[in-house]
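What follows is a single structure, written as structure tokens, with notes after it.
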Amino acid sequence: MIETDALSGGTPRRLVTQQPLSSQEEALERALRPKALDDYVGQKKAREQLEIFIEAAKKRGEALDHVLLFGPPGLGKTTLAHIISRELGVNLRQTSGPVLERAGDLAALLTNLEPHDVLFIDEIHRLSPVVEEILYPALEDYQIDIMIGEGPAARSVKIDLPPFTLVGATTRAGMLTNPLRDRFGIVARLEFYTPEELTRIVRRSAGLLEVQLGEEGAFEVARRSRGTPRIANRLLRRVRDFAEVRADGVVTAAVADAALSMLDVDPAGLDVMDRKLLAAVLEKFGGGPVGLDNVAAAIGESTDTIEDVIEPYLIQQGYLQRTPRGRMATALAWTHFGFVPPERV
């Protein structure tokens, strides 16, 4: 769905992608986040690993090994970082790669950590090389080297740090440098959620928001949420609005379907931009293969937006393929638009 708000200056934004949230939306997101691993739905493999490693670190009285969380946006990386700090019973300091412009920015954060604290760096793949250089000895030896003074009088001073845990999050693990990636002892890939898992999340969120929601209504929201909890919660809030105005506040499957259809989110969870991309590949390029730059030009989006935001779900659901010769629409994409797939597909 394309919606417009004052925050974006009237610029359309998609309900089914990850966009900057208003302060009110951020407060709602925080309220809906699980607070403990026991409440965290989905990501069974990552959750089980973290349970074991956290318990072992607590028994030994040590800082948890450094953790790298990667996967598409909205799957719970930030939520897991907060849960890790709560499970360890320590403080969490949060920042992001683009914010840490200078080595001094990182040094200030590191020197203010308490023993075993968690430092969470979102978008860690966007750290500058000079900041990464400071981070390496901090991760390995709990020490940093900083320069004091200028010119001939400048000297390097080594500062000891308390043991701490770095939790790094990224949507683009391939952009991490090898030296940085190798310093994470725990690496967890977050996968898209199943409709059943998202149904549980939607029902939990509905309870917190005091929304009257049946199982079928919850499933209808879940199956259109692109395997992403953040999108599920966002769609739930819009469906709640629709139900309060048009359906006495009760969300049934029919009400959810009507609301989401009005929002241009189809039963497969595809919105206007998804369909625009697939239609371009099918109609303008005969189903492909077609290069990324040509697709971007055809739909008026940047290549980064296509690769990071639009494509992952389409590829994961089998609508699109990346091949050495370019993007290709699959038989599922052809049939979704009511076309007969060519024999070569």
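Cβ coordinates come from backbone N, Cα and C, glycine included.
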ATP site partner of Leu32, Arg33, Gly74, Lys77, Thr78, Thr79, Glu140, Asp141, Tyr142, Arg183, Tyr193 (as recorded in Swiss-Prot), chosen from Arg223, Arg224, Arg226, Arg230: Arg230
Message: Just to verify a number: CA distance, Leu32 (ATP binding site) to Arg322 (DNA binding site), in angstrom, no decimals.
response: 35
Query: So which one is it: of the binding-site residues Arg322, Arg327, which has the fewest other Cβ atoms within 10 Å?
result: Arg322
- prompt: Here the binding-site residues are Leu32, Gly74, Thr78, Tyr142, Tyr193; which one has the lowest number of other Cβ atoms no more than 10 Å from its Cβ?
  reply: Tyr142
- line: Leu32, Arg33, Gly74, Lys77, Thr78, Thr79, Glu140, Asp141, Tyr142, Arg183, Tyr193, Arg230 bind ATP per the record; greatest CA separation between any two, in Å, is 37
Statement: Counted with DSSP (H/G/I as helix, E/B as strand, rest coil), the region 'Small ATPAse domain (RuvB-S)' (194-264) has 52 helix, 4 strand, 15 coil
